[in-house]
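Right, one structure below, let's go through it.
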């Protein structure tokens, strides 16, 4: 049975125990407070042979032995820094490295094993104090018969009442200070003497400076005879001062900085969590508000649809009633007239002629006679929902989705663009169809069945394919590329009906190119007074006049002009103004202008 089992009769649960706490509560026994510094973090029991790792964490020796090796080094030994170093003059052996269960640091186990680790005597003191508290009594260290009642601070031994009297009668120990164990348990400070492992009963009171080890009197007299051994109280200031200087001079300020940084991080975490929680509340509030606004917008859209349906149904109901009345009146007049003509005699027909004609005339002139295009246009196709259209704001939230109820009016549709009246052979032309409602406003949505047809008026088998692009805003871009010049008949239809201005005529002109021929004097007189002169390559130029009247001299034979190697003879003189524009006054030659092919 373990030491802690002997004390409590069960295993001690000390986890989780903060390092700042001096005691922890046994979960199985809520009224027992256990000192956390006396409990191993691995086995959760009071320390048994506590060993200090290189990371300054303490565990039971058996717990350290059960740790799985992190790595193994052959032929090495533990150096001054605690790390494994090559072993000189010895056969190769192996040392292991384990991970500290507390901080995950790599810790090298000495070649001598776990027993070579430093014993944590402070932990033993805590265990002894915890044992004293739990058992309420300890055995006298001298006689081992009675219960100890007091403790000698100098000798660090627990004494019963009889041994206390004997301790005081001895001259060497008569001046030692003795304290009551109950007072020590209350104060929480109880230490035991550190005894030599080679000489039982001998306390380590000396320090060997060459070996840098605490030794007992017998060790100093035998193994360290030639070494300088001083009392521990004489060297503690120097060696303890090094530790104190490192702690107070460097580590304590660093500890303060780390604590301050940790405090700032904790504050930042709290502030971050506060901000995140606030943002979560804002998001949820926004979502609730937005959901409420969307619901309100949805109700408005549904209400709008209901109003539109009611309005359209009322209009159709009225139209139906008018049509039924007109149908009844017309049917009555037709049936009466047909019966009169088929069944009546000549006298009967003539006698009823006047009243019949008047009624039929009234039915023809004043009766309800709507055009076919307006009788059944409202099938609900003009009502649609546009989910991506901006709908303004509801309760401060932007909304999308509108009800579109505009009805297409063919007489209001327009055709716009430069490619509407003229085109050029081999070049792309464009125009735009804008669909509008009865109020002349653009529809604002696409989806209409648009048909564009382009047929050559002189060559019926010559057609041009037109590309129609729906811009989804009520407008449609139409592009075409004619390959033949001449007039074209262009049809633009929506729902198989012509829009306003359709069909229209599109004049496609020949392709324009630069002729590198030569003007000769009076070249435009070649036109014979026509508006244009035609070259042998079918190219045309502006024509001349019946007479130029400028009276210049030096015509080299018949005036003419050439283009692309073909010649057209001239019959009249070139006007002075044209000569100036082409090649200068009196110039016999000039560069050819651009002509239309």
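Even glycines carry a Cβ here, placed using N, Cα and C.
Just so you know, TrEMBL annotations are computer predictions that nobody has curated.
Annotated compositional bias 'Low complexity' per TrEMBL: 14-24, in sequence order.
What TrEMBL lists as domain 'RING-type' is 40-104.
When DSSP labels each residue, the domain 'B box-type' (135-181) comes out as 11 helix, 11 strand, 25 coil, counted as helix, strand and coil in that order. Marked as domain 'B box-type' by TrEMBL: 135-181 (among others).
For the domain 'B box-type' (191-232), the residues of the chain that approach it from at least six positions outside its boundaries are 121, 124-125, 128, 155-157, 239, judged by C-beta separation under 8 angstroms. For 191-232 (among others), the entry in TrEMBL reads domain 'B box-type'.
Look at TrEMBL and you will find 1-29 tagged as region 'Disordered'.
The repeat 'Filamin' annotation in TrEMBL covers 405-508.
Look at the repeat 'Filamin' (405-508): DSSP puts its residues at 6 helix, 51 strand, 47 coil.
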